[in-house]
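Trainee: Below are the features I grabbed from TrEMBL:
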- B:185: active site, tele-phosphohistidine intermediate (ACT_SITE)
- B:479: active site, proton donor (ACT_SITE)
- B:283, B:319, B:431, B:432, B:442: phosphoenolpyruvate binding site (BINDING)
- B:408, B:432: Mg(2+) binding site (BINDING)
- B:6-122: domain 'Phosphotransferase system enzyme I N-terminal' (DOMAIN)
- B:152-220: domain 'PEP-utilising enzyme mobile' (DOMAIN)
- B:251-516: domain 'PEP-utilising enzyme C-terminal' (DOMAIN)
């Protein structure tokens, strides 16, 4: 299955706003995407509750995976999002 | 009209409108067996959707703020398809909707708790989600700040900072709480926002939602079951009062010209300063909160300069770091204290970390020399003459001309005269002085009446401080919630207090109260208050 492993770039980790932005983007993909961190079982990337529970901090390596038509493009887009410091792009301090 | 409810006056002014209560958390009803699985599933999923829509609307109303981010994250949890599937599966197995939602969220709550740290703190968001969804299932009002769609009087048991983070002052006319005292969070918030408020009002929670009420935050009265005509009359009276107050200006003085400086309590240059003659309490700890180490010299100079520049040529009294007790700082307090209010807090922190005070005094001196304000510095939590003298010596070494101390500990009030002989001024912090004099925790709602600033023991200590000021010819100020009470301000002026520092929004009402009396009348009011046997009697004697 196509996959990407990326270090979480957001300063606060995959929490709060960065997590919300990531989950929204994952839900918008045409394919189902899973995310895995810390040796735990993969969880649906479109589930806010499961993504938060990964507790992936800044610099943590996460692996996203997907299968089917558009999977490669979806993974590229989500990997780019994970590799961006989403706290730094926030609309307020 | 029924007998008015009595409470503690906590924010001056009048308001009238429908009362709406912060709904209590719903209790989970006993489990019932599910006969129609499809209908029960629809009830459970409908409740989650109702919650998501409601939180989404609240988030939209505060778009662009940190509160909106938290609400958005909660919306996404309520909308989580995995949660919906789990809930539906539980209902399919025979669990009713409220229990299915509670059990499904409990799984995630356990995962959050197990992860610890930031996520463990977010467990409260899941609890809130659960309470809202259960309320929606049961057809009850959503917990949290109500949104009746018209301006209303907010009624609650008590208000926490979380409750009031996104409080819309365009919708909330007044605050009424069943618990809380004059220095509770609700009271401080009300004065900062300029909202009339009554706290410690037993019976407030029995007012049915939507009942028209009037709130007299100056006298501490709430009348229920009034008619529309009364509401209109009160609103007109309040509008006229505000217009009259906004027309008052200039320095504080009695009708015969005895001056009482009216100063503002602030935490940063962004705080409301209109109408203040200067700043009587600049709280510097805001810059230290949520930090892993003390802010550096340059950062401090910049922050202080911005406040000093807001008050060109005027008085600014800077309080040095007041950490500890209700304001713990992780870099200073690694080890817990058994009783933080009586522990190493305020100036006492400098015993362990003298460099933090030294850097702060240097930063204040540097900022003061550049900015052109009349800067003075005072230390919090001083108990002895030796501590006061030591602080003044450090200030002089840093090049600060005016150095004083706060009087918050009864020991310092009792020794006001010898302390004034070694400092340039004192400022009485009535909130902490109440707490320590009456041995009543400021955060303990049950003891609210002991924290009433009209308590005779507190008035006696204030009188001692004022007398010591007269004897030594040095200024004595008051910076605490007591200074914001117009009737008590008259008493303080009569005692001989030279300056009153409060939330800037409270200044107009205090200015008006002083201007309505001669200094002799203020002195008579002070004598009457001191002669009264209890707080209620003192308040009534001044009337």
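Placement of Cβ uses the backbone N, Cα and C atoms for every residue, glycine included.
Each of these features: where is it, how hidden is it, and who are its neighbours?
Mentor: Long-range Cβ contacts of residue B:479 (active site, proton donor) within its own chain (separation 6+, distance under 8 Å): B:263, B:265, B:280, B:281, B:317, B:406, B:427, B:428, B:429, B:430, B:500, B:501, B:502.
Cβ neighbour count for residue B:408 (Mg(2+) binding site): 27 (other Cβ atoms within 10 Å of its Cβ, all protein chains included).
The DSSP breakdown of the domain 'Phosphotransferase system enzyme I N-terminal' (B:6-122) into helical (H, G, I), extended (E, B) and coil residues amounts to 74 helix, 14 strand, 29 coil.
The predicted model assigns the domain 'PEP-utilising enzyme mobile' (B:152-220) a mean pLDDT of 84.
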Trainee: If you run the three-state DSSP split on residue B:283 (phosphoenolpyruvate binding site), which class comes out?
Mentor: strand
Trainee: For the phosphoenolpyruvate site as recorded (B:283, B:319, B:431, B:432, B:442), determine the largest distance between any two Cα atoms, in Å, rounded to the nearest integer.
Mentor: 20
Trainee: Provide, as an integer number of angstrom, the distance between the C-alpha atoms of residue B:432 (phosphoenolpyruvate binding site) and residue B:408 (Mg(2+) binding site).
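Mentor: That comes out at 5 Å between the alpha carbons.
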Trainee: Counting only residues 6+ apart in the same chain, whose Cβ is under 8 Å from the Cβ of residue B:319 (phosphoenolpyruvate binding site)?
Mentor: B:281, B:282, B:283, B:284, B:377, B:378, B:379, B:380, B:406
Trainee: In the domain 'PEP-utilising enzyme mobile' (B:152-220), how many residues does DSSP put in helix, strand and coil?
Mentor: 16 helix, 19 strand, 34 coil
Trainee: Measure the Cβ-based neighbour count of residue B:432 (phosphoenolpyruvate binding site), defined as the other Cβ atoms within 10 Å of its Cβ.
Mentor: 23
Trainee: From the Cα of residue B:408 (Mg(2+) binding site) across to the Cα of residue B:431 (phosphoenolpyruvate binding site), what is the distance in angstrom?
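Mentor: Checking the Cα atoms of residue B:431 (phosphoenolpyruvate binding site) and residue B:408 (Mg(2+) binding site) gives a distance of 8 Å.
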